[in-house]
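J.: For reference, the structure I am asking about is given below.
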């Protein structure tokens, strides 16, 4: 038994949805012929189910088409099928089944395929208007067509997706103006927008109301007073040439000027949706929109009355009434504005021209005023500049007079000693260079203070060398040498006077100048040479030693103790050990307290080493700086020897056991005293390269064995180790850690062994 033949509609649907383009193209051509043949009779033809099957095949025929140009061609071919239907009833059914298919399949369309279906909807709507146009815009056909649209798209019961509905509202007036803009009258256009008036008045969807208001009614308001483009261009050229006077400009021309920008916005709104026509056909080579045809004509008063009638019903929601009332007012204003005489428009235009002339005159006046202001400002600036130059010249003359006085009061010194007066001369030129100012603050200030401290008659005439601060001066970091010189100059001059008065240890300079001593000292400091007795300045004693004892007396034990901590403090301040400079203390109390503290520290150290006391007493007995430098070198060698573990002295371990035999052989006193030495602010570095502790071996597996016995306890706070890591040596000679290296006068000690370090 042969299988039953499938209906033709199903076969067309299968071939239309084929993946091969040739099969689809042949199916579309045969479908056109099939529709034309089947609808030749006035009654009958296709049923709704048959047309739904055909439209489903056409929908998926559009689905599988991928290239944009081919998509546009296929969409136009599908839209032209409505003209193949010879029966008017079949035509409306064909259009109705199209909207039903789009409503059913819309939610399954992905984002990449939306554009071609937007284009398909636009072209089908355009061809639907073409059907009405070919039938002469018959009212019966218009009514049936609008009923189909109302039922399948706009009505809430249609369950049409918002994408289909909103796109239909956006393109409705655009496609209607393209097809019937030249033929349709205001009454006919009112019938075409009547479904939107009904839906906007009774729907409860606020978004739909707003979309209808913007896409239909506000678009009508925006394009309201337009005239054909040919007359518009002619009138524009005439107005530009000045052939027409203000009274001869027609009413439409005035409204046209105001609505040129609105036309562009309306066209932009009509092409807002993404579709193939707006992308490819909507623009020509110059980038402008294609000709949309003549604009639709509307009776604004009739539109306002129709909206007022719909909103005056009791079942109209408040939101819809409020939104539509604004549109009603706009349409009423447009209807009233169309009856204004041409004279009023001419007066408005003349007033606008007068305003433009006045504004141009104001701009010219403002430009002249600005030029005058700039000229006045230039003149004022030149005057101010001249006054400033005069002031600067007068100030320079005054400064030069002061400099002459200073030159008469201060004698010149050759060589580097003359740096201070030259820098004082530059003090008057502070605005000229900030670098000289910084040098003046660093060098000239100690020299000025030294001259004022000599007590001669020139001290009263010289102002104190205080650095003048300026806001624009760059902050410069002072060198440590300049900082120490400032401190020395602040402390030393009265003490130098006390020394030079009774003892006469400060002779005058080579020319007897009051500042010669300070400048010579400065020059020698720069050269890095310390003067010895008999050449220039003698080495001054330390300030705390001058207060307690005579500077020229023999060295005593306490003074020798105080020199060592002061030398250590000086060593911290210095960058290198080769230069010997004075150290100024802030006050006498702090110096005495620090001195006493250091005396206690050094007394403990000297008790254990008698040689240190004899060596520390030599520098002051000699009275020269060479012994101080040798003492400092010995001190540094002693500290470095302690760090390198050259002496067998060992620190007290954290965990240790007392050696039984060590009590009888070695007295514990010195060791305890050495361990109890108070902490000082000295910096200690340890030479870890001599560390001989056993290195941990990664291959040692003893730690992997779990312990047994009492050591299995996780944590016992009372448990103590059996022995410490560091062990006290049983027989190690006790000696001081700070003993300086000297020639061995006694029997040499034995060489330390490895057991002495553990």
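Quick reminder: no glycine exception, Cβ is built from N, Cα and C everywhere.
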J.: For the feature phosphoserine in Swiss-Prot, which residue out of 140, 177, 350 does the record point to?
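T.: Going through 140, 177, 350 one by one, Swiss-Prot annotates 350 as phosphoserine.
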J.: Tell me which residue from 479, 732 Swiss-Prot records as phosphoserine.
T.: 732
J.: Given 638-659, 660-681, which one carries Swiss-Prot's region 'Disordered' label?
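T.: Here Swiss-Prot associates region 'Disordered' with the stretch 660-681.
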